[in-house]
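Below you will find the structure I want to go over with you.
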């Protein structure tokens, strides 16, 4: 049976880094809401046309549409899926739970990346990425070996997100805690919440995630 996990954590907690490792090491597929919407929009399918119409009107895509896209992805099979950025609310969590039951699947583990807010702001405000290959760097903890040049691909296209500044980060954290924090209690009650230390070294976080994954029944 496919393994389905949810990654929870505030912006910059390291969800993307750990998702990439799970993709590479365990063959899971990452289901990112943004990626699914962009893919659907360009697909030309009936669902894709609905997505395009909503986005072209500048409106938010409904939970019903997102669940429809997830249903399509789950129907394609595979070793399993990583839910990143969904669910964000209790209503979405309930809808996902119902979809899983309908498709005779389950959420095997919810991995919560726990972080200290002040440390998180420090971490993200120094972050930049390679626009070519996506490698992530940090001014203090992971600078490039050669200033202005990516260690991996050699590109000089190094970028900082416009909202990776202290004020914007505090706003994003407040939004996360207001909307998404209730999910922690939701999945705790269901018995599949697994906290990990999101501020540990990347390899240590990966080791904690691996322990969670290895406990999932085959």
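Keep in mind that glycine also has a Cβ here, set from the backbone N, Cα and C atoms.
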With Swiss-Prot as the source, which of 2-31, 32-61 is set down as region 'NMP'?
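Residues 32-61 are the ones Swiss-Prot records as region 'NMP'.
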Considering the ATP binding residues 12, 13, 14, 15, 16, 17, 127, 136, 137 given in Swiss-Prot, which of 200, 207, 210 is annotated for that site as well?
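Swiss-Prot names 200 for this ATP site.
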Which is it, of 87-125, 126-164, that Swiss-Prot names as region 'LID'?
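Here Swiss-Prot associates region 'LID' with the stretch 126-164.
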Which residue, out of the binding-site residues 88, 127, 161, shows the minimum number of other Cβ atoms inside 10 Å of its Cβ in this structure?
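Output over binding-site residues 88, 127, 161: least Cβ neighbours within 10 Å is 161.
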Based on the record's binding annotation for ATP (12, 13, 14, 15, 16, 17, 127, 136, 137, 200), what whole-number value in Å is the widest Cα to Cα distance?
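Greatest Cα-Cα span of the listed binding residues: 16 Å.
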Can you count the other CB atoms that lie within 10 A of the CB of residue 61 (AMP binding site)?
17
Grab the same-chain neighbours of the region 'NMP' (32-61) for me: Cβ-Cβ under 8 Å, and only residues 6 or more beyond its ends, written as numbers and ranges.
68-70, 72-73, 84-86
Reduce the DSSP letter at residue 14 (ATP binding site) to three states and note it down.
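Note: residue 14 (ATP binding site) is coil by DSSP, not helix or strand.
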Around the C-beta of residue 86 (AMP binding site), how many further C-beta atoms are within 10 angstroms, looking at every protein chain?
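Its Cβ has 21 other Cβ atoms within 10 Å.
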